[in-house]
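See structure below.
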Amino acid sequence: MTASPKQRVVVGLSGGVDSAVTAYLLRQQGHEVVGIFMKNWEDDDDGGYCPSGTDFVDAAAVADVIGIEIEHVNFAADYKERVFAEFLREYQAGRTPNPDVLCNAEIKFKAFLDHALRLGAEKIATGHYAGVRRNPASGRFELLKGADPAKDQSYFLHRLDQRQLSRTLFPLGALRKTEVRRLAEDIGLPNARKKDSTGICFIGERPFREFLNRYIGPAPGPIEDDRGRVLGQHSGLSFYTLGQRQGLGIGGLKEQGAQRGGGAHAPWFVARKELATNTLRVVQGHDHPWLLSRALEAQDARWICGAAPAPGRYAAKTRYRQQDASCTMASAGQAGFRLHFSEEQWAVTPGQSAVLYDGNVCLGGGVIAG
């Protein structure tokens, strides 16, 4: 979707190459472009792991080259209240949340959008690899997959609503990452070769367990296999997620003989977290039955068009960058939905998002309950 000529568009400038090219493209189209750098985490809270200062310098350098104004806005209080607090609650409940999904819905397309509108913006834009269009038949706005399958970010945007999409532009939706990099170099953007950010800003480059330990603390308990054999001790169920292979501390233990999809030298995987007994269940072998499921239930559903889709066959993702999985949805509502998959799905994880697609259109999704 493109903006009308000469609209006032506020762009979220992160300091990365994607948002930089986004701002450049909109400027080239003749729009009045203003950049906003969002500070979502206080430096005092992160021990220097979140390089917001460096990122702002990069964003300001980009704004200077493109010839636009940039404003530094602090959303840290909103982030802690709306995103981080929920992040901790989910981990304490034994689930594995995806804070990027909540951050998009609550900060980047709510707090940021509200701020941009106060500045007189008609649209906001970000460097996400996704698309938005208005369906001529229904008049509703639709969220589309990005053209680059390796970078498509519609999964993280599935909780956006009609108000948010109606005000949003995704200029990179039709481009591939290689094209964005090439364009950044061709026009001389100072961050053209900057490495893509990975992970969550408030965790940074530190080990995840080290970070989480500051807020939740250890709660040791037994590690048991699928037959109840005690293999070791875990440091707290919050520090593990389904399908996890590394960091279990039981790598030297091997089953005697092949069993359930794994031989004597097959690796161990986290299969269940039993909160009632504080027990971490592990199994040997990637294709152990405990790691496979044909159905899931999701709660706290959000539907982009405002109403649940009709029962039928769709595609779904239960994690980012997963290939679309064919499924059937028998019924759905605002409270939740249930999916049945054509093929077994691996390590479907409570707390992560189940996102539904009809071809190239993202319909919405919910939080996996089990």
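Each Cβ is built from the backbone N, Cα and C atoms, and glycine gets one as well.
Annotated features in Swiss-Prot:
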| type | residues | note |
| --- | --- | --- |
| BINDING | G12, L13, S14, G15, G16, V17, D18, S19, M38, G127 | ATP binding site |
| DISULFID | C103-C201 | disulfide bond |
| ACT_SITE | C103 | active site, nucleophile |
| SITE | H128 | site 'Interaction with tRNA' |
| ACT_SITE | C201 | active site, cysteine persulfide intermediate |
| SITE | Q352 | site 'Interaction with tRNA' |
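Checked against G12 (ATP binding site), the recorded positions C103, H128, Q352 differ in C-alpha distance, with H128 being the nearest. In this structure, the CA atom of M38 (ATP binding site) is 12 Å away from the CA atom of C103 (disulfide bond).
Sequence-distant neighbours of Q352 (site 'Interaction with tRNA') (same chain, 6+ residues apart, CB-CB distance under 8 A): T96, P97, N98, T318, R319, V367, I368. Taking Cβ-Cβ distances under 8 Å and a sequence separation of 6 or more, the neighbours of H128 (site 'Interaction with tRNA') in its chain are D18, G146, Q153, F156, L157, F170, L172, G173. Spacing of C103 (disulfide bond) relative to G16 (ATP binding site) is 18 Å (Cα to Cα, whole number). All protein chains included, C103 (disulfide bond) registers 24 other Cβ atoms within 10 Å of its own Cβ. Secondary structure at G12 (ATP binding site), taken from DSSP and collapsed to helix, strand or coil, is strand. Annotation for S14 (ATP binding site): same-chain Cβ neighbours under 8 Å, separated by at least 6 residues, are F37, M38, D55, A59, G127, S197. The C-beta environment of G16 (ATP binding site), restricted to residues of the same chain at least 6 apart in sequence and closer than 8 Å, consists of D55, D58, G127, N191, K194, D196, S197. In the three-state DSSP classification, M38 (ATP binding site) falls within a strand. Between the farthest pair of Cα atoms in the ATP binding residues (G12, L13, S14, G15, G16, V17, D18, S19, M38, G127), the distance is 15 Å. Its Cβ placed at the centre, G12 (ATP binding site) has 24 other Cβ atoms within 10 Å.
With respect to Cβ neighbours within 10 Å, the binding-site residues D18, M38 differ, and D18 shows the lowest count.
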